[in-house]
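What TrEMBL says about this protein:
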type    : residues                : note
DOMAIN  : 60-241                  : domain 'Tr-type G'
BINDING : 69-76, 134-138, 188-191 : GTP binding site
Amino acid sequence: MSWAWRAGAVWTRRCLSPAAGPTCMARCEERLFRRAYAAASTAKPSPKELEARIAAIPIERYRNFCIVAHIDHGKSTLSDRLLELTGTISASDGNKQILDKLDVERERGITVKAQTCTMIYKHRGDDYLLHLVDTPGHVDFRAEVTRSYASCGGALLLIDASQGIQAQTVSNFHLAFAQDLALVPVINKIDMPSADVPAVLDQMETSFELDPADAVLVSAKTGKGVPAVLPAVVEKIPHPRGDERAPLKFLLVDSWYDNFKGVVLLVRVFDGTIRAGDNVVSLGTGSKYTVGQVGIQYPDATPQTVLRAGQVGYVFFNPGMKRIQDAKLGDTFTTVGGEDRVEPLPGFEEPKPMVFVAAFPTDQSDYHRLADSIGQLVLNDRSVTLQKDFSEALGSGWRLGFLGSLHCSVFQDRLRQEHGRSIIITEPTVPTKIVWADGKEEVVQNPALFPEVSDHRIRSAGLFEPFVKATVTLPQEYLGRVIELCEANRGEQKSLEFFHGDQVILVYDVPSAQLVEDLFGKLKGATKGYATLDYEDAGWRQSKLVKLQLLVNKQPVDAICRVVHASQADRIGRHWVTKFKEHVDRQMFEVVIQATVGNKIIARETIKPFRKDVLAKLHASDITRRRKLLEKQKEGRKRLRAVGNVVIDQSAFQSFLSK
């Protein structure tokens, strides 16, 4: 027996003994599972070997699956362990968020883009081709999850053993169930001291009617139990259907921009095969293209000779797509000349933006370069809507629609990190609907276009604002605070359910406008971070809405305009004028800042002018001359104020609009 082996055995016994501390035991456990990975995994094959192994795998041994869970339940960490186990990446302590490829994902520690990877896994002597999708957990990126389901036959439903079922867990389950996906429950973080596995299994059985015996218990951090995940995937998730000999048919699932290749498409091949040099046509637009290259993500882009039915991979054309609009997600492609033999696949439901902002360049000379950068981001994130806009104060820009406030914030970060561009954005707003007296409906996305109170038509029109159905999961001890918070934000309680210990599920209908005003942050504050929130569209509700405007010397500032509930106009108006005063320079004349609803002034601040001492040259006794000079100065200031324009620097708007 070698000295090294004896020393290792002694160290292991000490670490796993009852006297050892939890940290020591965890380190030993992690090291043991690293060794298990090294034994179970295979060396990464060369490109030729990889292609030969894939070619030998029939479609019956393909498995396409995704990982879905509430935010921060360990999806990306589990993905890292699966990549290690299959030899797709080498086992290393530095493997963290391998599939989170965006800077903003690593910076924030969240997944915002569904990322894909192909793996080869040997099970009972046979190679299996596995296609993994790591999906976002935050509700703002639900559209990414929905699109991922189109390329998958099943999903790993991941649940944190210490937190149990959360709001987004429920939402993801129902989405997967509606798509008829096979579900493999996985309980993660079983190594944590606060883990309560029996309670979570009971929750899972009661809430989802899933058999606890089917659940795989793992610690993605240490690797414990992870080797049992892939056998469950192979045995419980069905293989994709497809026929290599049938006419080509593939679905556009995602797209992004590459500086060298142009527009790159992520596709799911349903029938046939696709190779470089093939001529294909879009059934949605009718545009024809020549395939430049095909490949898979392994985990990075790896060229292949062919993509077969059942596979998920990337395609780019040569010459590439010229317009962003040509890459229509959910579009079906086939071989040129075979359009009549192929039925289009069901596309994706267009996500409906819930939050709108106006965006402007910090320097108008940068407009066209910024337009290109925004276009490339929109190509990769099709949940963003884009249309041109103009402001008298800030110049040419765009009106952008997002699925939520976090979605908007992440878009800004990506624009700065990936393209080196900064923008000025207005306060997030939600759309409003006007039902005119003649029955016609109009949805207004830009608050500046909302009719004035003086418009006689608005008096007989119905005004509606969007609502969401908000599902809050929280510990029972914070129930009173959360109910007060929801009521204060104009919420209407729909249901209250107690389940499994001290957990509560609270459902409220809440105005979307309140959600934009950081309702989630307030919930976290009221519950010390324990509350989770999920929401879905709940339609329109009639409300008493008014248009709140900011005026500077009686001139409206179009960049600062908002449609609000009448009960909140005073509070927001006072906040506006106080904050805006801090960012406007003094002038040679008086500057009046007002917040108005129609002709009613609800808040006012005044910036005093610079004072010139016209009396400095006078003697103290010259009363008549003193009065004449003061009157003359007063008249001059009136004339200056009447003809003078307030010069507001763009940095003042930027400071005002930043939180």
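Cβ coordinates are placed from backbone N, Cα and C, and glycine is handled just like the others.
Mapped onto this structure are the features recorded in TrEMBL.
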residue : record           : DSSP (3 states)
Ala69   : GTP binding site : strand
Lys75   : GTP binding site : helix
Thr135  : GTP binding site : coil
Ile190  : GTP binding site : coil
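Mean pLDDT, taken over the domain 'Tr-type G' (60-241), works out to 83 on the 0 to 100 scale. Cβ contacts within 10 Å of Thr135 (GTP binding site), excluding its own Cβ and spanning all protein chains shown: 26.
Ranking the binding-site residues Lys75, Ile190 by C-beta neighbours within 10 Å puts Lys75 at the top. Cβ neighbour count for Ala69 (GTP binding site) (all protein chains, 10 Å cutoff from its Cβ): 24. Residue density at Asp72 (GTP binding site): 16 other Cβ atoms are found within 10 A of its Cβ, drawing on all protein chains shown.
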